[in-house]
């Protein structure tokens, strides 16, 4: 079985999870519809102002609602930043390999922008493969966000890199940035090498 064949569809996994949780996402509404709703409710108006800010965001129809700009592996002991640019050539990322020293603690940081409408239930999903077999699946709930000019930043909880002779080697990751409506905001692939030392 090839690595491609071994990779399940994200939608199938999410459907299974949603049915177990009996979760039904709310219907999607545009930013304008949300702003028009409950105008007479002072507390809701205040909440929406807090979420959306004072300045209306210009909705450029050519820009996607959610733009994922970069992913970083945050580790205090790393000799330099470990960052991948997600606005350029995603195919090139498949040829690069990022390095983590075995056993170190690190966090995944994702930078993204919401450009037009409020997006509900953003999540980051990562499938990890080794020699074509899936060895891990992680799902991180990112949350709901309104549009604004500045980027948002999401940090996962602290994780520990695998360690030991058997854990060292190269892992292939398939990452998804999606939401409650199963909108695929970005899917990309990248490689991570677990080594005995940073400079090995």
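Note that Cβ sites are derived from N, Cα and C of the backbone, with glycine treated the same way.
Annotation source Swiss-Prot lists compositional bias 'Basic and acidic residues' at 30-39.
Per Swiss-Prot, the feature N-acetylthreonine maps to 2.
Per Swiss-Prot, N6-acetyllysine is recorded for 20 (among others), and the stated evidence type is similarity to another entry.
Per Swiss-Prot, the feature phosphotyrosine maps to 23.
Under the heading N6-acetyllysine, Swiss-Prot lists 24 (among others).
What Swiss-Prot records for 39 (among others) is N6-acetyllysine, and it gives similarity to another entry as the kind of evidence.
Sequence-distant contacts of residue 46 (N6-acetyllysine), defined by Cβ-Cβ distance under 8 angstroms and a gap of at least six in the same chain, do not exist. A helical conformation is recorded for residue 46 (N6-acetyllysine) in the three-state DSSP classification. If you look up Swiss-Prot, you'll see 46 (among others) marked as N6-acetyllysine, on the strength of similarity to another entry.
Here Swiss-Prot flags 101 (among others) as N6-acetyllysine. Non-local neighbourhood of residue 101 (N6-acetyllysine): 77, 78, 161, 194, 195, 196, 197, 198, each in the same chain, at least six residues away, with C-beta under 8 Å from its C-beta. DSSP classifies residue 101 (N6-acetyllysine) as strand under the three-state reduction.
Marked as N6-acetyllysine by Swiss-Prot: 123 (among others). Under a cutoff of 8 A between CB atoms, and with a sequence separation of 6+ in the same chain, the neighbours of residue 123 (N6-acetyllysine) are 139, 140, 141, 142, 177, 178, 179. DSSP gives residue 123 (N6-acetyllysine) a strand state.
Here Swiss-Prot flags 144 as phosphoserine, drawing on similarity to another entry. Residue 144 (phosphoserine) counts 14 other C-beta atoms within 10 Å of its own C-beta, drawing on all protein chains shown.
Its own atom aside, the Cβ of residue 174 (N6-acetyllysine) has 19 Cβ atoms within 10 angstroms in the protein chains shown. As annotated by Swiss-Prot, N6-acetyllysine applies to 174 (among others).
Look at Swiss-Prot and you will find 1-39 tagged as region 'Disordered'.
Across the structure, residue 174 (N6-acetyllysine) and residue 144 (phosphoserine) place their CA atoms 23 angstrom apart.
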